[in-house]
Amino acid sequence: MESIAKAKSLPNKGRTYDSQRPWNRDSPFSFAAWWSTPSTRYLKVDQPSGRDEHDSLDLEDEDVSKYLASHRERQKRRASCAAKAKVLIIGCAVISLFAIIGALGFALGRRATLPGSCASPAHQNPHTPPHPRPTKGEAHDAGHSGSHSSSSSTNNHHHSHDDSPPPPHVGIDKPKQCGESPDEAQSRGCIFEPQLTAWVAPECAFPAVVAEYQDAVGDMMTEWPWFWDTGLQKAVSPEEFPSLQAGNYSVVYTPYQASHALHCLYCWRKVSYALEHGVDWMDARCHQFYHQRHCAFFIADKLLEMEDWRAAAEVDVQGRLTTWTYPLLYHNCVPLSSTMES
C-alpha cells in the first residue's frame, strides 16, 4: 500500500485519511473524483506541494485497479439500464399514442352508426318494437327512383311515387358515385339497371340479377307502354326503345299497373343475391330500410285489394281444388352474413 501511505503523508489543509475507508469523500481517490479526467483528479488534491507530489502516487496499486474496474463495470450497467429505460419509455409512449388514436377512431365509428346520424342509416334494436306499419296512403305515396304515376282500373284512386322525400338519416348531399348524366355514369364504369331505372356503381350492380329478372318478367323497356309526359299523350316510339334500354333518357312515365310491385320484388331479389354470394355492398335504394318496409306493405295491400284472389279458389289441371298447407314450424336462427343455404 505504498501509494496510499504516501498519500497519507502528504500535507493537507484539515483533511483526514481513514485507512479503513480509503474511498471516503476527502480521499484523493474519492468516488466523485473518478467521474472526472485524471488531470482534474490531481488538481483536487489540496496540498501545498501541488501536482508534483501527487503524480508520484502509484495509480496502478492493486486496490485502486480493483476499484477502477468495479467502477467502470457499474458505469456500463448504468448506461445499459439507462438505454433500456429510454427504449421502454419511448415504446410505452408510442403504444399509448396508438391506443388513443384507436379509441378516437372507435368513438367516431360508434357515433357514425348511432340513430339519427347522417353518416349511416339507423339500426333498429331487435328488442324494440318494429316500425309501425305505414298507412295505406303512405304505402301508395312512397315510391322508387323511377318517377311514375299509375291509376287503378278497379277504382278511381290515383297515387304518385315521385314526391316521396327520403328519410331524415339519408345523406342526400353526398357526392354521387355515378355522376349526374348517362355519359358520366358510363365513364365511371356504372351499370344501368332497368328495374331501378338507375345507373348503379359497379360494386353494387348485379348484371346476373338484371338478366335473371328480365328472363322472368320480360324486358320492361320494350314491353311496357311508355310516355314522355304525365298526361300520357306523347308515347315513346319503338325507335326510341334502345335509348330507354341503354339508360339514355331523363324521365319517362308508364301506366303499367304491376310496375311498382315488380320494382319492389327486384330489390328484394338483389338483397337475397347479395346475401347468397357474400356481397358487401348494396345500392342505396334497395338498401334503404324505409323502402323495404314500404314495399312489403304496398304489395300486401295490393294483394288484399284483389277481391278475386281472395274469393276464387285455384283449380289444378285435373279440376281438383288447390289448397295451401301451413304446418306449425320451429325455425332456428342463422347468421345474416352466412352464404350457406339454410
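Using N, Cα and C of the backbone, Cβ positions are placed for all residues, glycine too.
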Among 1-22, 45-66, where does Swiss-Prot put the label region 'Disordered'?
1-22
DSSP secondary structure for N248 (N-linked glycosylation site), reduced to helix/strand/coil, please.
coil
N248 (N-linked glycosylation site) CB neighbourhood, other CB atoms within 10 A:
15
